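K.L.:
Sending over a structure as structure tokens; questions will come in a sec.
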Amino acid sequence: MTTFHVLGFPRVGAKRELKFAQERYWRKELAEQDLLDLAKALREKNWKHQADANADFVAVGDFTFYDHILDLQVATGAIPARFGFDSKNLTLDQYFQLARGNKDQFAIEMTKWFDTNYHYLVPEFHKDTQFKANPTHYVNQIREAKVAGHQVKPVIVGPLTFLWLGKEKGESFNRFELLAQLVPVYVEILNALVAEGAEWIQIDEPALAVDLPKEWGNAYKDVYATLSEKVNAKLLLATYFGSVTEHATLLKELSVDGLHLDLVRAPEQLVAFEDYNKVLSAGVIDGRNIWRANLNTVLDVLEPLKEKLGERLWIAPSCSLLHTPFDLNVETQLQENNPALYSWLAFTLQKVQELSVLKTALEKGRTAVNVELDASQVAADARANSKEIHRPEVAERLANLPKNADQRKSPFGERIKLQNAWLNLPLLPTTSIGSFPQTTDIRRARAAFKKGDLSLEEYENSMKKEIELVVREQEKLDLDVLVHGEPERNDMVEYFGELLDGFAFTKFGWVQSYGSRCVKPPVIYGDVVRPKAMTVRWSKYAQSLTKKVMKGMLTGPVTILQWSFVRNDIPRSTVCKQIGVALSDEVLDLEKAGIKVIQIDEPAIREGLPLKRADWDTYLQWAGEAFRLSSMGVADDTQIHTHMCYSEFNDILPAIAALDADVITIETSRSDMELLTAFGDFKYPNDIGPGVYDIHSPRVPTAEEIEHLLRKALNVVPKERLWVNPDCGLKTRGWSETIAQLEVMMSVTKKLRAELA
């Protein structure tokens, strides 16, 4: 036989049932027991889906009310002491307070789960952190699954990855020092799972796919020797998100009973493990993307493995399926509008079925599933030959770009003189990042237009009214470079995706970002082309309302790529450059329309960095090229801005400088301008606008706070190159606090201008 299992399942439900229940509970509209009952029903459905597909185990312990790393903090007694909670007697309300904060304590920090778009809650480790086992979360889920008659495989993140994902707080120390006292707590937790009947336990160690310091890598041997010796269960060590070839010798000698490899992200690593003499779980179905697999091609890899390994071969998705939407079958609109694309997709339930087919083929031969294999082949062939996907003119345009197409005509020093001559801006010019408050009226108008209750003319008139309001308010505030406020945009990526060829949208393709927040990424399925102007009329209309300078607003190619499900039949770098070239048509049209300050937002550029530093240069080279291509051909006196959200820039500053944007605005207020110091040390050559207040809070900053930040900025950036702006877009704020915040920003700026004049 061939064992088939999954590493984890989506938690939120087919139609985001958990999200809506959580939010009703937080608003006190749903009783705790009702939330618990709904969660139990979702878990039971998840297990049934796995069992119905003939999975040999169901994954348990992967379900969470907010985040699996928060659950692990509770299970190891490592919740932040500052909350004053007892992890053994933690209430559901207290659990949510850890994630969302309360009146006395800010929430646990959140950051990206490796290089995915999921966010986990970062463990806070102190030198005196005391771990205590509390396996209730896992034990209860095992009991539920066993009552329902399932064979269980508990899933838990391993001790080294858990420590790796945390941060040291307080007194200076290295969190690695806590490993010795964490391991016995893991032993206790795992033995509690064994006591409930767990025969196999999956321990996730994705940290093996990053650049681990030597002492961390070396620690695996002793840690797993201890776990293996003291826990009477078979241990499956799961790695994913990248290659672990560099650890092959260590992993083959590790005291575990099986190893899971991500053969989608890193198929080449299989060679290093072909002589592995224990269970090898082959992650052959993509757990991070939505494309249907060519099952014949997958079997070409698996059949020789099966011959070699026999029953020691397990099959699985590459990683947890929490990164994929739930069920393609509910996408009836997509099936109707684009049946070809629909036939190329696989969501979680379809991926589980693909694994079921592979299991049967390995056990009984391909003929036993020839109908399914033929359907898979037909879809793969149709996709490979589709004229809707492959547009020769796009490949031709990319191939025939002029030499140095991604370079501006003149260096920044010459461009800025031409720009300053016509812009005629005061010292410390002010602007905002782009969006203004998206009011209930705006959202209602958009929803009514989408439903057909509002005509195109009525909708556009309501958007024009909003734009006029935004322009007039900025004029009253005396901002220098204005924006139109983006009332017509529901989302900074979706808006452009809807207007570019090569993109499609699902109705229920939601994936969890964090807690109750879900995102519905666009699908980039074909060559990207801009059929007509996307933003020009809105910016042109806004400019017609004012004599002040109006800034055009676009989302950059790297961010569009990062926040989408991306086609997997050509390199990501090629897709990114296609988007950049398509955007360049928009930039040139804006320029022709008289919009000569254009912002190309790239909040996600750092997110795209590969897990291993050795791969950074390649990524940064093509990401930078794609960004520069998006403004190719603009005149020297057109000013290109970019905006980047809260990031550590120190290690990629040369690449940021190489983007060669005339002005970069960055989110810095929460770090007290610390991020800006790196730009100063690096001697960043172009103009900079560090955010002077945090837009994520409705709080109105004091004049003293903004002045403090601006003076710090002036210590780092020459006054001639310093812009003044909020941290980020103002979409999520209300009008009253927006005006109040900008008034303070303007009054401080004017005070400093007078002083510096």
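Backbone N, Cα and C atoms are what each Cβ position is placed from, and that goes for glycine too.
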K.L.:
For the L-homocysteine site, Swiss-Prot lists I433, G434, S435, D601; sort out which one of E388, E475, E486, E648 goes with them.
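P.N.:
Between E388, E475, E486, E648, Swiss-Prot records just one in the L-homocysteine site with I433, G434, S435, D601, namely E486.
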K.L.:
Need a hand: Swiss-Prot gives H643, C645, E667 for Zn(2+), which of C576, C728 is also on that list?
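P.N.:
Record source Swiss-Prot; matching candidate: C728.
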K.L.:
Which one of W164, W200, W563 goes with R16, E17, L18, K19, K112, R517, C518, E607 at the 5-methyltetrahydropteroyltri-L-glutamate site, as Swiss-Prot has it?
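P.N.:
Candidate in the recorded 5-methyltetrahydropteroyltri-L-glutamate site: W563.
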K.L.:
Tell me, if you would, which residue among E486, D601, E607, E667 (binding-site residues) has the fewest other CB atoms within 10 Å in the structure shown?
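P.N.:
Lowest Cβ count within 10 Å among the binding-site residues (E486, D601, E607, E667) is E607.
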K.L.:
Applying a 10 Å Cβ distance cut-off over all chains shown, what neighbour count does H696 (active site, proton donor) have?
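P.N.:
Total other Cβ atoms inside 10 Å, all chains included: 14.
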K.L.:
Whole-number Å only: compute the distance from the Cα of C728 (Zn(2+) binding site) to the Cα of I433 (L-homocysteine binding site).
P.N.:
6
K.L.:
With the L-homocysteine site defined by I433, G434, S435, E486, D601, which remaining residues of that chain have Cβ atoms positioned within 8 Å of the Cβ centroid?
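P.N.:
Neighbours within 8 Å of the Cβ centroid, excluding I433, G434, S435, E486, D601: S432, V483, M492, M553, Q599, H643, G729, K731.
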K.L.:
Whole-number Å distance between the CA of K112 (5-methyltetrahydropteroyltri-L-glutamate binding site) and the CA of G434 (L-homocysteine binding site)?
P.N.:
24
K.L.:
Does R16 (5-methyltetrahydropteroyltri-L-glutamate binding site) have same-chain partners at least 6 apart in sequence with Cβ under 8 Å from its own Cβ, and which are they?
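P.N.:
Residues satisfying the criterion: W510, C518.
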K.L.:
Within 10 Å of the Cβ of C645 (Zn(2+) binding site), how many other Cβ atoms can be counted across all chains shown?
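P.N.:
Excluding its own Cβ, C645 (Zn(2+) binding site) sees 19 Cβ atoms within 10 Å.
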K.L.:
Ten-angstrom check, please: count other Cβ atoms within 10 Å of the Cβ of C518 (5-methyltetrahydropteroyltri-L-glutamate binding site), all chains counted.
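P.N.:
Result for C518 (5-methyltetrahydropteroyltri-L-glutamate binding site): 17 neighbouring Cβ atoms inside 10 Å.
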K.L.:
From the Cα of H643 (Zn(2+) binding site) across to the Cα of G434 (L-homocysteine binding site), what is the distance in angstrom?
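P.N.:
Rounded to the nearest whole number, the Cα-Cα distance is 10 Å.
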